[in-house]
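Annotation source Swiss-Prot lists topological domain 'Cytoplasmic' at 1-15, 169-174, 227-235, 282-351, 400-408, 517-562. Positions annotated as topological domain 'Extracellular' by Swiss-Prot: 37-147, 196-205, 257-260, 373-378, 430-444, 490-495. Among the features that Swiss-Prot reports, transmembrane segment is placed at 16-36, 148-168, 175-195, 206-226, 236-256, 261-281, 352-372, 379-399, 409-429, 445-465, 469-489, 496-516, with the record citing sequence analysis.
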Amino acid sequence: MPFSELLEQVGSTGRFQVLHVTLLCIPVLMMASHNLLQNFVATVPSHYCNAHANLSQARLSLEESLLITVPLDGAGKPQRCQRYAAPQWHLLGKNGTSGSGDLADATESMDAALQECSDGWSYNSTVRSSTIISEWHLVCDMHSFKQMGQTIYMGGVLVGALLFGGLSDRYGRRILLLISNLLMAVSGTCAAFSSSFSLFCVFRFGCGLALSGLGLNTFSLIVEWIPTRIRTAVGTTTGYCYTLGQLILVLLAYFIRDWRWLTLAVSLPFYVFFLIAWWFHESSRWLALSNRTEHALKNLKSVARFNGRHEEAEKLDIKMLHESMKKEMSCTQGSYSILDLFNTPAMRKRTLCLSAVWLSTSFAYYGLAMDLDKFGVDIYLIQVIFGAVDIPAKVVVVVSMSLIGRRRSQCAVLVVAGITILLNLLVPYDKQTIRTCLAVLGKGCLAASFNCCYLYSGELFPTIIRQNGMGWVSMMARIGAMVAPMVLLTRDYIPWLPGLIYGGAPILSGLAAIFLPETLGYPLPDTIQDVEESGSGRKSKMSTKETITLQDKQANLLKQSA
C-alpha cells in the first residue's frame, strides 16, 4: 500500500492530527507579528530640534522656546531637521510672552541663518512612547536607516530560506523547528535589549533566519502528517492564522507603547513554543526516506495508539513500511537542480514569468504594508484594516480560480493592485479616506495574488522539480521583500517615484502572467518532457492522467511554499 493508505490505517484525521496541527498553527500568529513589527517599533514620531543650550537658563514656555528656536515649514509646522543658528528673540513681544507679528520681524526671521540639529531632537510621544527612531535619532540625515533595518530583517528571511531548506532535508523537520523556535526567542529578546542600532539589526537578522526555519518546518510537519483531502482546509486555516496574527500585533502594540517591551512581547512566546515543540513527532515519511525506518515505525505506532487504533498499531511492521515507501523512493531517484528550470524553452518561460509574478507581488505587498505613516490615518486603525482585508480577498480569489481559472485570476488581481496604487498618486494628500480605500483595495489584491501564486506555481512546475521550482520563486518573493523598503528612499528625490514603481511592477507581471498556460481542469505535469510537450501543442502523456480539483490544490504545495 502507498504511504497515504498507511497513514489512513493509523488514523489520518484523528486526535493526534487535530492537536498536532493546532499546536503548529499557534506560532504562526506570532510569526506575522515579527514580519510587521517594524510598523510599530520604527514609527517616525513628529519631531523638531532641541533648543540651544544657552536657553536652559531662560524662563520660557515650550511654545516660546519653539518659536524662537525652530522655523516653520511650508505647512506652518516646526521644521524637523533645522533650527535657527541663534535664538530669534525679536519674535517674542515686548512683554516676552508673545510675538509682535510685524513685517520687519517676519522678514528678519526669513533671512536668519539656519543650522542642523546639533543638540538633538524632541519627539512627540503621543502615539508611541518610544521607538527605535527616537531611541537612536534615526531622523533627518539618518532617516534611511529605518528602511535599512527592515531590509536586513528580510535578508535574514532570505538566507534562512536557503539555509534551513537543505538542513531540514538532511537533519529532519523537528530538530530544525526546535532550533528555529529557540533562535527566534533568543534573537527577539536580544533585539529588545539592544544598546545600539547595529546590534538591533544583527538580532533582527537572526529573527529573519528563524522565521524562515519556522515557516518551512511548520508546514512540512503539517503536510506530512495529514491526508491530501484536507490539505486545502488546513492550508487555508494556517493562512488565516497569519491574518489573525496581524490583528494580534495591533492589540499588543496599542497597549504596549514602548518598542523594547513590544519586541519582547512578541518574542517571549517562542520560549513556550520551543518547549511545546519537544512533543512533536518527526515526520515518518522523512524518516523512512532517510533510511531510519525503525524510528518511523515507532512514530506511526505512537500515532495509532494516540488515535485509539491499538490493533492497527500492532499490525504495523518494517516490511509494511518498506512496501508503502517504494513509490516515494523511486520518485527521489535522479538528480535535479535549479538549472533544470531554465534548460528547456517551455520550462524557462514558465519559470521567468512566475519569478516576475512572485517578485512583484511580494515587492508591492511589503511596499504598502510597511509604509502606513503616509496615509495620515491612525496607525492602529490602518493596520487593522490592512489585516482584515486579507480575509475576504482570499475567499474571493479561491472562488475566482474555480470559476474563471488560475491565469485570469492571477492577471486580474495583479493588474487591479497596480492600478489602485497608481491611482493613489493622483489623489490629493488631504483626501485621506480615498487614499486609504485605494491602498486597502490594492493590499487585498496583493494578498489574493499570494494565494493564487501558491496554487498556480505548484500546478505549473512538474513533480520531479516542483520543490526546486517553489524554492526558486519563494526566493524571488523574498528578494522583492528586501528591495521594497529601500525603494521608499527615492521619495526624497522624486516624491511620486515609489508609488510609480510599486504600481508599475504588478501591472507588468500581470501582463507576463498572460503567457502562462491555464491549469484549471488540467492534470499536474510529472516531468519536464510533459511541460515541453504541453508547450509545443503536441499530445502529451498527461492527457491520460487524472485531472485535479481545487480541493487537491495544496497536495504538493504546503511543504514547498514554506
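For all residues, glycine too, the Cβ spot is worked out from N, Cα and C.
With helix defined as DSSP H, G or I and strand as E or B, the topological domain 'Extracellular' (373-378) counts 3 helix, 0 strand, 3 coil. Remark: the transmembrane segment (261-281) makes no contact with the transmembrane segment (496-516), by the rule of 3 or more CB pairs under 8 A. At the 8 Å Cβ cutoff, the transmembrane segment (469-489) and the transmembrane segment (206-226) share fewer than 3 close pairs (sequence separation 6 or more) and do not count as touching. Each residue of the topological domain 'Extracellular' (257-260) gets a DSSP state, and the totals for helix, strand and coil are 2 helix, 1 strand, 1 coil. Note: the topological domain 'Cytoplasmic' (169-174) comprises 5 helix, 0 strand, 1 coil (DSSP; helix = H, G, I, strand = E, B). The transmembrane segment (409-429) makes contact with the transmembrane segment (496-516): 3 or more of their CB pairs lie within 8 A, with pairs spaced 6 or more apart in sequence. Across the candidate stretches 148-168, 236-256, 352-372, 379-399, 496-516, the maximum count of CB pairs under 8 A to the transmembrane segment (445-465) is reached by 352-372.
Long-range contacts of the topological domain 'Extracellular' (373-378) within its own chain (CB-CB distance under 8 A, at least 6 residues past either end) are made by residues 43-44, 429, 432, 435-436, 439.
Contacts between the transmembrane segment (206-226) and the transmembrane segment (496-516): absent, as fewer than 3 C-beta pairs lie under 8 angstroms at sequence separation of six or more. Stretch with the most C-beta contacts under 8 angstroms to the transmembrane segment (236-256), considering only 16-36, 148-168, 352-372, 379-399: 16-36.
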